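Each remark here refers to the structure printed beneath this line.
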Amino acid sequence: MFDIGVNLTSSQFEKDREQVVIRAKQAGVSGILITGTNAQESQQAMLLAQAYPDYCWSTAGVHPHDASQWNDAVAEQIHHMASADCVVAIGECGLDFNRNFSTPEEQERAFSAQLAIAAERSMPVFLHCRDAHSRFISFLTPWLNRLPAAVVHCFTGNRHELDECLAAGLMVGITGWVCDERRGLELRALLPHIPADRLLVETDAPYLLPRDLRPKPASRRNEPCYLPHIIRQIAEWRGEDATWLGQTTDENARRVFRLA
């Protein structure tokens, strides 16, 4: 089983990052993709991935929250990092109109620029979309035939949005959000509609600790070692065997990020 979304650069992991990776391995997690969300964190993610060869890989990009930072120097840094063997996708990039920490115009400019970098380098994109679906799809669609793959990370949309993502050929990342009995029920109902070969799984650690973990962890911090729990729950709600689903999503991740 492969965790396609871990924010291992987070300060929440500062004191025990090595132990977090060890616990993930002990739990049966076979690989981790470390998320880059701005130029500095993408650099940190790349260095962490290089510290754990053949177990950790990373993305390089600028999250929509940080899109106001986008300029030619940042673009050059992302280009440079993308040439490293351990950097396997451009992102986390996309649109987030929920809180607009960067203006929609700044987000769209950074998103378009990163799609262009991914197309130029023939790399997959690791995507973020929140409260911006129609604009997100309209921006992304013209680039899709020039990209080897596109992953919509931490999908929390509705049935119409899922159908549009699938029709566009996107891979769909599901997190422990689906384990939330308050907010995750709509997403849970959508799980059977995602073809097995388009499904990816992720913790988004240290965020989105599954609310149904028992016994409840002392800390609210999420970790990649909880990925098996998320997979077991997803498998149950899809009516599939958890071991098979873990293996299938692992194969999907290695195919999409060209790790096989």
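Just so you know, glycine gets a Cβ as well, placed from its N, Cα and C.
Using a 10 Å Cβ-Cβ cutoff, H153 (divalent metal cation binding site) registers 26 neighbours. The divalent metal cation binding site annotation in Swiss-Prot covers E92, H128, H153.
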All chains considered, the count of other Cβ atoms within 10 Å of the Cβ of H128 (divalent metal cation binding site) is 23
So if I measure Cβ to Cβ from E92 (divalent metal cation binding site) and keep only same-chain residues at least 6 apart in sequence, which ones fall under 8 Å? T35, G36, T37, T59, G61, H63, F126, L127, H128, H153
